[in-house]
Structure formats: C-alpha cells, structure tokens
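**Q** Sharing a structure below in structure tokens format, with a few things to ask.
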Amino acid sequence: MATTPMTVVDHEAEEAVAKAREDDKSRQVDAFDAGKPPPFRIGDVRAAVPEHCWHKSPWRSLWYVVRDVAAVVALGTAAAAMDSWAVWPVYWAVQGTMFWAFFVLGHDCGHGSFSDSRTLNSVVGHLLHSFILIPYHGWRISHRTHHQNHGHVDRDESWHPITEGRYRRLPPRAKKIRFTAPYPLLLFPLYLFYRGPDKPGTHFLPSSELFSPKEKGDVMLSTTCWCIMLASLLAMSCAFGPLQVLKMYGLPYLVFVMWLDLVTYLHHHGHHERLPWYRGEEWSYLRGGLTTVDRDYGWINKIHHDIGTHVIHHLFPQIPHYHLVEATKAAKPVLGRYYREPQKSGPLPLPLLGVFLRSIRVNHFVSDHGDVVYYQTDHHLNDTTKQK
C-alpha cells in the first residue's frame, strides 16, 4: 500500500498526540503533592489487608529465632576454627548482618508482633537485644514513641529533621558528623546513651525523660541484662584476649550498627523522594506513616525479615514480619500514589548506598515555620566538604 502525504500527516499527528499525552502524564506525576491529605482513611487501608495477615504464630516466630541463632553459632564456630585473615572480613560482614537480623526479631517482640504473649515477647526480646547490647525495654519504649509520632517534626524520635534555626546554631563539627559518611552510620550507640539534638535523655536510666514512672522496673531490668552482657564480654576478653573478642564480636557488632543506622535512615529519607514532615493540625497518624519509604534489599530481604516493607509496618506494627509483603501488596491499590514503589536492588543492595550518600548531601534541615515542611539543602556545607 502506497504512503500518501495525508497518511504521513496522520501518523505524525498521532505521534504528537501520544507525546502530548505522555507529557501531560509526566506533569501530573510531577505535580503530585504527597503532603496533601490522602483521599482514604486508615480504616480503608486496614480493610484491604487480608485477615490472616494479622495472625501471630509464636511457633513460626520462634522458628526464625532458632534459624538465626543457629546461623550465628555456625558462623562463629567456623570463623574461630579457620582463624584466617582471608576469612575474617567475610565473617564480620555476614555475622554483622545476622546480628542485624537478631535486632529485627527483638524489634518485633517490642511491637508485640512476635506473639500475643507479653511474657514470651519480653523473654525473647531481652535475649536477642541484650546479646547485641541494646536495653530491650528502654529502646522498645523510645521506638514506640517513634511510631506514635512518625513524620512529626517535633515529636518523632528516630532521624527526625533538624529545624533551620537549630541547624544554624550547630557547630561545624556536629554538622560534619551528622552529614558526612561514615559518621551517620555509627551513631546508634551514642543515641542509646544521649538521644539526639534537643532531646536529652538516655535509654538506660529510669529517670530519663523517655520513660514514665510506671516503666521504671522494665527499664532497670533491661539495663541489668545489658550490664550482664557487657560483663560477659569483658570476662571473655580476659579469658581469650581482647583481640579475639574484637574479631568474634566487636567488628560484627560494628557492621550491625551500620546496618541499623543505614536502614533506619533510608526508610525516612530519600535523595529524590519529596517526603513531607508535619506539625500541628496537619499531622495525623496516617499522614505521618505515609512519609515512610519502602526499600528493596535484594536477597537480604529474607535475612533481615522483610524490614524493607516499612510503610505497612509503620501503619500497622502488629502485623508479623512474615505477612508484611502480602499485606503491602494488598494495600497498594488503596495507597495509590502515596505509596512509593522501591527501586529494585539486585542480589545486593549496593544502589541504596548511593541513595544514602546523595540524601545526606541534600536533606539537611526543615523550616522553623509551617505545618507541612520539606527538607532543604545547605549548599555551603557541601562546598565546605568538597574543599576539605
């Protein structure tokens, strides 16, 4: 069939219309404001989650504990037997990741998603978290505050933004520590002892502002367990030498801390995601929860118990980790544009390191005023860092 001038014109017109539609669609995507109130309620999201996703199986939860404990014991036994400097770095990375898996299971105990038994949750939570030097109840309570106030500029507990006025008053060294790698990945132990800017207190003392008088006994119990673990490490250092304890425990612990800080940061920041933070009447539990971001960690997803499915976890922390993926899939049609599809990482989550590095270069502070605010960038800080 011959091509006529009219056919060419019609084809070009169709292409122009298609391009216009794509451009219009792109503008609509860019125009989406995640800070606007969503057209759905939290009850709508909950109704979309299958009923069985709320079921907690203590036996299934305990199976994950047994699996992870067996892995930690096997890794430690193998590394000690080989005692080779060619093996130690691999051991530190893998064992540190397993310590991180311990943390996630203990975290589930704190939420009550491990089982319906408070006693079982407390026993398992203390065993897992004390092993990695975390005061179980102290951290559980502060983490509860984080969930109850997620996305609130002033009341959130974990990686909350600094206001511009507070940021300007920070000494240069404090800014560098907070916004220059690798320092942000090493802050968790300091947070346990000192919390953060404008939030005094400690996770170890019942007199801390974090706790109510009725929580005093819980805090003291967890601090006692923490002290027992620390004393055990000191005793092993005397028996086997500090270098051996450093190789077997200290450096995996450091890897665990980096995992915890990295994952926590990534779930509440992004270098290209425009994530709102709220104050006053603009904040609600639903809107705050929707500021969180899901992340894909490749095959590590299953090792650290699908912690990357963070949006649904923040909205409904009672859902067990082994149901989070299914619950997320069920809720996505309701969440719509308010759900940010995570970028696929491949076998290892190496792209997320780039996301983290770019994010700490642009997410510095939020305005002192306004009930819906977004991160702003201190370009002078970046210029100073380059010069150094």
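Positions of Cβ are set from backbone N, Cα and C atoms, glycine also.
These numbers come from a predicted model, not from an experiment.
Residues or ranges marked as compositional bias 'Basic and acidic residues' in Swiss-Prot: 9-30. Taken from Swiss-Prot, the feature region 'Disordered' applies to 1-33. Residues or ranges marked as motif 'Histidine box-1' in Swiss-Prot: 107-111. The feature motif 'Histidine box-2' is assigned by Swiss-Prot to 143-147, with a curator's inference given as support. Annotation source Swiss-Prot lists motif 'Histidine box-3' at 310-314. Annotation source Swiss-Prot lists transmembrane segment at 62-82, 85-105, 119-139, 177-194, 226-246, 248-268.
On this model, are these features tucked inside or out on the surface, and what's nearby?
**A** For the motif 'Histidine box-1' (107-111), the residues of the chain that approach it from at least six positions outside its boundaries are 61, 121-122, 124-125, 128, 136, 139-140, 143-144, 147, 305, 317-318, 320-321, judged by C-beta separation under 8 angstroms.
Tertiary proximity for the motif 'Histidine box-2' (143-147) is limited to same-chain residues at least six positions away from its ends with a CB under 8 Å from its CB atoms, namely 107, 110-111, 155-158, 210, 314, 317.
The average pLDDT for the motif 'Histidine box-3' (310-314) in the predicted structure is 97.
Here the transmembrane segment (62-82) has long-range neighbours at 88, 91, 94-95, 98-99, 101-102, 105, 124, 128, 247-248, 305, 322, meaning same-chain residues at least 6 beyond its ends whose C-beta is under 8 angstroms from one of its own.
Sequence-distant contacts of the transmembrane segment (85-105) (same chain, at least 6 residues past either end, Cβ-Cβ under 8 Å): 61, 64-65, 68, 71-72, 75-76, 78-79, 114, 124, 128-129, 131-132, 134, 247, 251-256, 258-260, 263, 300, 303-305, 307, 321.
Sequence-remote contacts of a segment are chain residues at least 6 beyond its ends whose Cβ falls under 8 Å from one of its Cβ atoms, and for the transmembrane segment (177-194) they are 133-135, 138-139, 162, 170, 200-204, 254, 257-258, 260-262, 265, 356-357, 360-361, 364, 381, 385.
With a threshold of 8 Å between CB atoms, the same-chain residues lying at least 6 positions outside the transmembrane segment (226-246) that come near it are 130-131, 133-135, 204.
Sequence-distant contacts of the transmembrane segment (248-268), counting only residues of its own chain at least 6 positions beyond either end whose CB sits under 8 Å from a CB of the stretch, comprise 76, 79-80, 88, 91-93, 95-100, 102-103, 132-133, 158-159, 182, 184-189, 233, 236, 275, 291-295, 304, 307-308, 310, 352-353, 355-356, 359.
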**Q** Residue list, the transmembrane segment (119-139) vs rest of chain: Cβ under 8 Å, 6 or more residues beyond ends.
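**A** Beyond its ends, the transmembrane segment (119-139) has Cβ neighbours at 58, 61-62, 65, 99, 102-103, 105-106, 109-110, 112, 189, 192, 202-204, 208, 210-211, 215, 218-219, 221-223, 225-226, 228-230, 253, 256.
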**Q** Count the residues of the motif 'Histidine box-1' (107-111) that DSSP assigns to helix (H, G, I), to strand (E, B) and to coil, and report the three numbers in that order.
**A** 5 helix, 0 strand, 0 coil
